[in-house]
């Protein structure tokens, strides 16, 4: 009797244990967000419309990013007239801002770095360093001084610091596309490309450092200078070394293990996001790591046809990310926001836009004597071309979204709304 009861108890426990694991696996692998079908439909729809517009509106006076933004705005306005449209709009608007950043930014940064002319970057290395380190900080301080002196938005100090980082950054992908077919010299094109990539990367690092220092200032056991040095070592030094090591590892795998072209694509795609998220989890900069990986992989000699195939693949992914970002902007701005736009808001955004141009031109003219000594060919004409060719885009948008929708106490909801609104206005100008 006792033996039978023990057997029955053991069987009951075993069934319960097995049932628990079965239930756990069923919950983890069969549940999906309720809005997943809407997201699956929206993404190919945006890709189809964007590809059609890019194919047939190349000479259209309105740029493609503005058209995509207006398309997103129209979709958001239509969501107030139809419950079915609002269901699709809500699927995008409830996307986490960190997920939005992690999905699209790595592809664009890696593709721009992988597509650069490494030989010319070596020749222009010191010019790029001079523009993107002292030039970047001089430009940032001037922008911060201007924003604080005008003080129309009445922001807190941390909000001013982050808003200035958003404004000083540039989009390397749009900048490269804007100057590629204009007939400029090879040296000038590569100088602009390298400077734009470095500026956007430094902006991401600076934005994340300010956020981390502000979030952890109550728990800091060291001075502010010591904390800043730790941030530089982890976000720049360690990330740079990991990027070099990762590029060498990918090169080894491609040359010895993965001999098929399809395997090259799947390996580069999977390892890129894997390294990005690992770096993010351990406190390093995934963006710096991916930019380093792209540059060092670019200097590697692949088998004939492999490099062209990888470039086509990453260019395609970057274009998809570009379409998503600029369409989602219009969706992420609530329609009622347009009712509160005043003439002073438009004037302030235009004022900031032209002030950014003037300040950047002053910085380049100030550095031009040193730049001309470091390499032949640089002149004040190059300075004007570099100013007018700079494009704002995906990095600025992603940082503005991280600021506006973050749960961290950067400022009030009014301050976040003001920064987001003026950032998007300036980007579309």
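Cβ atoms here come from the backbone N, Cα and C positions, even for glycine.
Taken from TrEMBL as is:
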- 52-395: domain 'Cation/H+ exchanger transmembrane' (DOMAIN)
- 36-54: transmembrane segment (TRANSMEM)
- 60-78: transmembrane segment (TRANSMEM)
- 99-119: transmembrane segment (TRANSMEM)
- 125-148: transmembrane segment (TRANSMEM)
- 160-179: transmembrane segment (TRANSMEM)
- 191-211: transmembrane segment (TRANSMEM)
- 232-251: transmembrane segment (TRANSMEM)
- 271-297: transmembrane segment (TRANSMEM)
- 309-332: transmembrane segment (TRANSMEM)
- 352-371: transmembrane segment (TRANSMEM)
- [ ] State the non-local partners of the transmembrane segment (60-78) in its own chain: residues 6+ outside its ends, Cβ under 8 Å from one of its Cβ atoms.
- [x] 49-50, 53-54, 85, 88-89, 174, 322-323, 326-335, 338, 393, 424, 428
Task: Contact set, same chain, for the transmembrane segment (271-297): CB under 8 Å, 6 or more residues outside the stretch - done: 102, 105-107, 109-116, 118, 121, 197, 201, 204-205, 208, 234-236, 238-240, 242-244, 246-248, 250-251
Task: the transmembrane segment (232-251) in contact with the transmembrane segment (309-332), cutoff 8 A, at least 3 CB pairs, sep 6+ - done: no
Open item on the list: Please identify the stretch among 99-119, 191-211, 352-371 with the greatest number of Cβ pairs below 8 Å relative to the transmembrane segment (125-148).
Closed with: 352-371
Task: Within-chain partners of the transmembrane segment (309-332) [C-beta distance under 8 Å, separation at least 6 from its ends] - done: 43, 46-47, 50, 54, 64-65, 68-76, 89, 92-93, 95, 100, 103-105, 107-108, 110-112, 114-115, 173, 261, 264-265, 268-269, 302, 393-394, 397-398, 401, 424, 427
- [ ] Report, as numbers and ranges, every residue of the chain located at least six residues beyond the transmembrane segment (191-211) whose Cβ falls under 8 Å of a Cβ in that stretch; write 'none' if there are none.
- [x] 105, 109, 112-113, 116-117, 121, 124, 127-128, 131-133, 136, 140, 158, 161-162, 165-166, 168-172, 175-176, 179, 228, 231-232, 235-236, 285, 287-288, 291, 378, 382, 385-386, 389-390, 395, 399, 402, 406, 408, 410
Open item on the list: What residues elsewhere in the chain lie close to the transmembrane segment (99-119), defined as a C-beta under 8 angstroms and at least 6 residues from its ends?
Closed with: 172-173, 176, 186, 190, 193-194, 196-197, 200-201, 204, 272-273, 276-277, 280, 286-287, 290-295, 297-299, 310-311, 314-315, 317-318, 321-322, 324-325, 328, 394-395, 398, 401-402
